[in-house]
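Novice: Pulled these features from TrEMBL for this protein:
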TRANSMEM  92-115  transmembrane segment
TRANSMEM  135-163  transmembrane segment
TRANSMEM  184-203  transmembrane segment
TRANSMEM  209-229  transmembrane segment
TRANSMEM  372-389  transmembrane segment
TRANSMEM  410-430  transmembrane segment
TRANSMEM  450-472  transmembrane segment
TRANSMEM  493-517  transmembrane segment
TRANSMEM  537-560  transmembrane segment
Amino acid sequence: MDSANHKKVAEEEDDSKFKKLGGIRTMPFILANEICDRFASSGFHSNMITYLTQELNMPLVQASNTLSNFGGTASFTPLIGALIADSFAGRFWTITVGSIIYELGLVCITISAVLPSLRPPPCPTQVNCQEASNFQLWVLYISLLLTSLGSGGIRPCVVTFAADQFDSDKVITGRSEKWNFFNWYYFSMGLATLSALTVVVYVQEHVGWGWGLGIPTIAMVISIIAFLIGSPLYKKMKPGGSPLIRLAQVIVAAFKKRKETAPENPKLLYHNKELDSEITIHGRLVHTDQYQWLDKGAIVTESESANSKSQNLWRLVTVHRVEELKTIIRMLPIWAAGILLVTSSSHLHSFVIQQARTMDRHLSRSFEIPPASLSIFGILTMLSGLVLYERLFVPFARRFTGHPSGITCLQRMGIGFVINIAATIVASLVEAKRKSVAAHHNLLDDPQAIVPISVFWLVPQFCLHGVAEVFMSVGHLEFLYDQSPESMRSTAAALYWTAISMGNYIGTLLVSLVHEYTGEKENWLPDRNLNRGKLDYYYGLVCGIQVINLIYYIIVAYFYTYKPLEEVKEEEDENKICETGVQLARTETA
């Protein structure tokens, strides 16, 4: 009896200590980590197309596909990292190890930029250039692979780890004194990206690639140190076990009982608050009528009722676990809409940088804006857009909708889809204008010529992409966090990156097919001379894909059902939580 009381007191003390952790005081450490990480990754990736084409002498399509392929890999590995975090390692250690692996990749590519033996001879004319050797390419690929693996530990865990430091309802609804967490998070990341696009890209273009890649490497070291310093203050959620195994158990249990008849009263299904305690900290999922064939996994048979102390989770699962799978199934069609959106924009950044390199980039007689720094306009638009969205749009929309956030996540994403289409249309029109000016001045056959048209013609499309990100990216991430089961939030965040991964791979396939089948003389995407290409046609193709995707999204969003959640309060556990299905089954038998 004394040991039981002692154990109970110890658990209460642990709970009390846990509740004192987290909160706003952890944000300087977590955001310092993520800001330095984003600064490093933006400085590393934003101008990499220039490094590949100008320093390693890669053809444009090969360079663009290389970046898209490794971008796809970097967006797929978060799924693995999320499963590791949710299953056994926890988010803190997954972030830490991922950051170290990422740092190794940055060190590797920085060394390759410093040592001349790891690069081919310079080729200023970009005509008959000696391309990088197989060994030099392997150094590049290993560096990109390490950064891709490191991203797998960082991307799915940082935003959810930061959100874990607050109460769940305050994070999502903004009922605290803070503004919406995800807007705040994206604002911080935007500042970091803006800094990288101004400082790092300028160093890469005017000082050299050694320092240009060395600065992000140093920033990543600072990122790791800042994150580890805050360790004693963090709430570190215990891993709830492999989410994939729990989902598999539901499917197997439902299949084994496919011939059983589910009771009309869902309270007769299996409930076990003790079994689900580690995966229902903020609330249990309530039974829904969708996908009722999965409910068969929670049917309590007479034999299971008699042996309630030794339940086999491959034959009998709780209602909460069934609803976890239902929730994921409901989310997948919405998630899938993001794949083609990424496909349509996976190569735009690379191509736009090459466009900018052929245009007049002078801000003054002596200063030219680096091509990769044009993304600044998109970032500035996003930063100001986030502030205006929270301070003006949300209060205005709330008057008409009554929704605490002004509009729902799904509506926010839909607006982002529409704005992305507008941005692609503008991109096509600007490229057509650029080529007409080049033709007027007889510059079509000179790949190194500067076309007398201002680079600021490209600014509107960057601004539109920035506005689209305010709606689409933030809304998508908020949707995945809000609608996913709490024990699978890292996995749900990884779905965001998995969509990006699949979109990048499909984008590579799309560009390769366009390059392959549009002929040699009038190729839409030529290797060296963009002036002789038809990039505006490619943008038109991309626009058509986006329109089809928007129609699909409207349909699936219309039929989406938000997850119902029953809040859990300690003092109400004994009175308000329904009895287990086993107990009810015994009553029915009696």
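Cβ coordinates are placed from backbone N, Cα and C, and glycine is handled just like the others.
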Novice: Under 8 angstroms, Cβ to Cβ: which one of 135-163, 184-203, 372-389, 450-472 has the largest number of such pairs with the transmembrane segment (410-430)?
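Specialist: Of the candidates 135-163, 184-203, 372-389, 450-472, 450-472 scores highest.
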Novice: Might you confirm whether the transmembrane segment (184-203) is in contact with the transmembrane segment (372-389), defined here as three or more C-beta pairs under 8 A between residues 6 or more apart in sequence?
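Specialist: Contact between the transmembrane segment (184-203) and the transmembrane segment (372-389): present, because at least 3 Cβ pairs are under 8 Å.
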Novice: Taking the transmembrane segment (209-229) as the first stretch and the transmembrane segment (92-115) as the second, find out whether 3 or more Cβ pairs fall under 8 Å, excluding pairs closer than 6 in sequence.
Specialist: yes
Novice: Near the transmembrane segment (450-472), which residues from the same chain, at least 6 beyond its ends, have a CB less than 8 A from one of its CBs?
Specialist: 186, 341, 345, 352, 355-356, 358-361, 369, 371, 374-375, 377-382, 385-386, 389, 412-413, 415-417, 419-420, 422-424, 426-427, 430, 433-434, 437-438, 441, 443, 531
